[in-house]
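Colleague: Here you go, one structure.
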Amino acid sequence: MNMGGEHCYYHGRVRGSPGSWAALATCHGLQGMFSDGNFSYGIEPVDSGKEEYNEHIIYRMPDIDLFPPPCPGCSMNRTGHEEKTNSHVEEEGEQKGGDGWSEEQKPVFKKGLRRSKRQVRRGQRTVQTETKYIELMVVNDHELFVQVRRSATQTKNFAKAVVNMADAIFKEQLNTRIVLVAMETWSSENKVFVGDDALLTLRDFMKYRKESIKERCDAVHLFSGRTFMSSRSEAAYIGGICSITRGGGINEFGSVGPMAITLCQSLGQNIGMLRNKERPAADCRCPDPWLGCIMEDTGFNLPRKFSRCSIDEYLRFLQLGGGSCLFNKPSKLLDTPECGNGYVEIGEECDCGSLVECARSGANCCKKCTLTHNAMCSNGLCCRDCKYELRGVTCRDAVNDCDISETCTGDSSQCPHNVHKLDGYMCDAGQGRCYGGRCKTRDSQCKSLWGYNSADRFCYEKLNSEGTEKGNCGPDSSGQGWVQCNKQDVLCGLLLCTNLTERPRFGELQGKLTSLTIHHQNRYMDCRGGHAVLDDGLDLGYVEDGAPCGPNMMCLERRCLPVTTFNLSTCPGSSTSRICSHHGTCSNEVKCICDPDYTGKDCSVFDPIPIPTPPEGPEKHKETSEGADPRVAESYLFAVFVYHNLCPACSEETKKKKLKMSSIYEPSDLSTLFPSFNFICTFLLDGQRFF
């Protein structure tokens, strides 16, 4: 396991060139790609056999602008003919976080669940605007090690350069960071068989991950030094991110640029993107027919960006409860700690990123990775004006019935880990069950795949018990026949719907469609089904795990099992009849997430949340010599006016007080000045109710 390394991977722009970008490594000479806004270039050191890298090759690449124009309707200038290879590159820093979305890329996004008024805070983030983090581990196979001259250092630097470039693409277009947290290189021999069949290699590699890799990460990807016998250069499980068994992919060999695009494709599948094949809707077609888009099969020209359709698929994946681990900011990186990388590491109090990023957010609270005077924090969803947000403030909304809202703790700048309900909770008004953070029903699966509702129960009982291609519980061990469903498992076999579209909305149709109309109890029932297979081999034509199959029963691996199998009672303060003392929700981490006003591991302690309103601006500015905040002074004068003119009963008591203006009046100060205020009248200060 190779840990640590050089700090030599950068994102930036070409100075004085609008629309330019750069993703470069400076470890041993310059290596990477950049664009001056007109053309794109690759740069590599010349291998002279010496330790110093003084000579480099700079070459123009096929049109490979990785990022869209900087504003809607803008276009890159392509009229220039002179190749500008001597411009200076401006550093933005090593793999930093960013929240920027161009207007062109902003998808329409539904609002989250409503919150109570006291929990609302300004600048609330959504799954779209909150920065996501893919904690990635890379495994370099023996063939790649041989390709880079059997050097462990060069193998590591090559892999890091690939990740750096892919991170630049994800950062700009998806508001998602690819963070390298671990690396392993097979310098002596491969630990799994890496063959011509990419899908078989993927399955063996993911088995190796589950059994042998203990590193905690969101995805593990194999970088191979060979090419696969396939039209595609990668294989990955679709929507598998965060899963130990499906969170991974394999990527064939190429130079840094092509392999970075391959990694974007395989990680794109992990986060719910599908291959852009035939798309009926015009807005889902790739906007660049010449270069193509990232989720298409690539040819000579490398694609430059994700299509509108791919971005929507990613956001829909998040909105439906997928990718919950992506909202947890990494606490450990592959490289040794360094101030300015945007991650708070050992020995740091804060880290707001590069100079540019700090100037955008956090500079007033953090200087050289040390908190400024009176500052508690510099950034984070639970940090506002250098202070912690109040306990109970919602920092991340629930995205569906199976998700759980996260709230600030009052003693940390970070929003708690993104969690969801433990498998087995009821959802969709009692029609479904939660599984993996999503609400599972046969109706929703039929509508998603075929556009119609699930068929009558009798269809499942009739067809799935036969064990034929028209109805079954999966292929048999030989792969030539079909398994009959047991009577209790029929609702967990082939998915049967009331009707079908000509082709499935996802995956490729394999075999014949099941289309049968049955007369039962004086009515006709339509029973339709088919096998819709994804690129990773998953057949969507079967009922999903987690779907209800009877009272207190749900499907798992095409069997109908009791909900008690999923151990809802394992959370503290729980039993078969109550969960978390009736005052909380059991999460997928098997911990109680308490309702407002309750606390404790089992949510049994009543602890009401106070409802004070925090002062405007950083508290550290209270004792400055600049005088009172004008807004506070204006509100205070308005308060005095109200008391003297609108609350006569208060006036006599008010006159007894000697009022003095200070820089900021807290609500408690006003209570001291006006003890009769609570029951005589109520008013608003600066739009906030203080009493």
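Just so you know, glycine gets a Cβ as well, placed from its N, Cα and C.
All TrEMBL annotations are machine predictions without curation.
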Colleague: Need the cross-check against TrEMBL: the disulphide partner of Cys395, picked from Cys377, Cys383, Cys415.
Modeller: Cys415
Colleague: Pick out which of Cys586, Cys603 TrEMBL lists as the disulfide partner of Cys594.
Modeller: Cys603
Colleague: Return only the integer: C-alpha distance in Å from Cys603 (disulfide bond) to Cys395 (disulfide bond).
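Modeller: About 20 Å separate the Cα atoms of these two residues.
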Colleague: Distance between Cys395 (disulfide bond) and Cys594 (disulfide bond) at the Cα atoms, whole Å?
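Modeller: Cys395 (disulfide bond) to Cys594 (disulfide bond), Cα-Cα distance: 15 Å.
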Colleague: With H, G and I counted as helix, E and B as strand and the rest as coil, say where DSSP puts Cys603 (disulfide bond).
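Modeller: Its secondary structure by DSSP: coil.
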Colleague: Average the per-residue pLDDT over the domain 'EGF-like' (567-604) and send me the rounded value.
Modeller: 88
Colleague: Would you mind pulling the DSSP three-state label for Cys415 (disulfide bond)?
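Modeller: Coil, per DSSP.
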